[in-house]
Structure formats: C-alpha cells, structure tokens
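Peer 1: Pasting the relevant annotations from TrEMBL:
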{"type": "COMPBIAS", "residues": "212-223", "note": "compositional bias 'Low complexity'"}
{"type": "COMPBIAS", "residues": "224-243", "note": "compositional bias 'Polar residues'"}
{"type": "DOMAIN", "residues": "249-289", "note": "domain 'UBA'"}
{"type": "REGION", "residues": "212-243", "note": "region 'Disordered'"}
{"type": "TRANSMEM", "residues": "53-76", "note": "transmembrane segment"}
{"type": "TRANSMEM", "residues": "88-109", "note": "transmembrane segment"}
{"type": "TRANSMEM", "residues": "115-136", "note": "transmembrane segment"}
{"type": "TRANSMEM", "residues": "172-190", "note": "transmembrane segment"}
Amino acid sequence: MQGGVSGFQNAPVTRAVVLASGLLSVVFGAQRRARALGISYQDIITNFRLWKIFPSVFAFQSTPELMFGLYLMYYFRVFERQIGSNKYSVFCLFTITVSSLLEILSLVILKDTNYISTLASGPYGLIFASFVPFFLDIPVTSRFRVFGLNFSDKSFIYLAGLQLLLSSWKRSLIPGIFGLVAGSLYRLNVLGIRKMKIPQVISSFFARYFGPSPGSTSRPSRSIVGNTPSQTGRGVQSQSSTGFAPIVEPPESSIAMLVSMGFDGNDARQALMRARNDINVATNILLEAQSR
C-alpha cells in the first residue's frame, strides 16, 4: 500500500516527529537510560518530575519498538498530505496531549494496585490515534489468501500495530488504547478541534526546517494517462468535436481518497479521468504506473 510520493515530501511535521523520536531513542539507548523513560506515579505525582513527560512521549525503550514505531509513523504521513501540515500539527498535539493526560490519570487510579507501575515510553498516542482514520478512510484495494487465511493490503499495517501494541504487554497496551481513544475524540470533533489551526509562524518553521532541502527538487509527476490533456476544458471540447464522450471532471472526494492513500493529486485526477471516475479502476492504474 505504499503509494504516491516517497520520502517526506509534503510531510514536514511527520519528518520532525520521526527525527525527534529516532534521535531521542538512540541517545537514551546509548546512555543505557532507555528503561528509565517510562512514566510512573512516583515520577509524575510524588516527585513531580514533569520533564520526564517530554522524552517519554517521543523516545522508545527498545530497538523493536523503535523499528515498528518509525515505520508506522512514516506510513501515516499520508494523513498529513491529505489534511495539510497545519491541521496535522493540531492532530499531533491533540492526540499526544489527550493520551498523555489519560496515561497519567490511569497511573493515579491504579497507584494502589499491583496491576502496573510504569508505562512504556514512545509516541503511542499519535501512532494509535492514526489507526482511526486508517481504518475509516483508507479503502482496501486488494485481497489475498495465505494458508487459507484472508488478508488485504492493509493487513501488514494492522500486524505492525499489533506487534507494537503488545511489545511490552500491559505497559504498552494502555498507551495504545488511550491513543485510539484520542484519535476517536479527534474524529468526533470534540471541542471543535478539527477546525482549529496552529499559528502560521509555527507551521512556517516546520516547512522551513523540516521540508525538502533547498538543493532537492521534486521529480515532476509523470503522466499516467497517456494522451489525456492536462486542461480538462480543452479535453472536453476536443473530444466532443470528434464524437467521443466528454471527460467528466473527477469529484474532489474521489481525488481526496486517492491522495489519502499516498498518491499524487495530479496523478489521481488523471487516473480518475481515464477510469471515468471509477475509483477502483483508477487505483489499479496508479499502482500499475508505480510498478513500471
């Protein structure tokens, strides 16, 4: 399901989060302090070490968690391309804040029990919040069977998430569940969060320092439609004069769905025009174009 533009193009916020998570995980791991990153009731409430919240939000405690976590965050960059970096920044801040508050609340509630004392560190809130739009908005494009079991092209993402969710059992299960809760609250537009935007100066900072490097240029989008004209109006006029059915402008909802899967917007528009707005056929056209 890896579609569209590779790398972090049009995803500077994702790039910043991935870099922060990777660097902090390596630094604390090299100092053999990774196991001390998880927050506990004693740290936050008793000793009031609030500074531990920041590294615990970004740094993973083990190499397997780091690998699966970075892979999932890298894949979920498609949502930043879909809604834009500004709104995605709001999504990140909201889900990380809500999941962190719920984690602290759970430690307070469970402090007198032996169920759990320390929670796993890492951006579990952001990662598992992203599974909400992944489940609801990303369509299945292919299905297959392995040893009699049914799978889809989304199955590997779910399996990677399950591995991360159960990596530290109860210590990682609780942050993962709270991430799903945070993602659901964002989806429900609690407090009108989906309409909020961060100040322009902050979004400009991410675009400047975490966007594409000045020396790199985006590879022009290759036409996947053959002789389909780039100007829709011109295409309608020329085809009407030759007796063919005119090309109908694709609906924005169909384009947005393909973009959410990671495809380039212009390629998605051309593929839909070629497929006469059949989104399944357009998806196959885009996937075939990438395999060339």
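Including glycine, each Cβ sits where the backbone N, Cα and C put it.
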Peer 1: Quick one: find which recorded stretch in 53-76, 88-109, 172-190 has the most Cβ pairs under 8 Å with the transmembrane segment (115-136).
Peer 2: 172-190
Peer 1: DSSP says what for the domain 'UBA' (249-289): how many helix, strand, coil residues?
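Peer 2: So the counts come to 30 helix, 0 strand, 11 coil.
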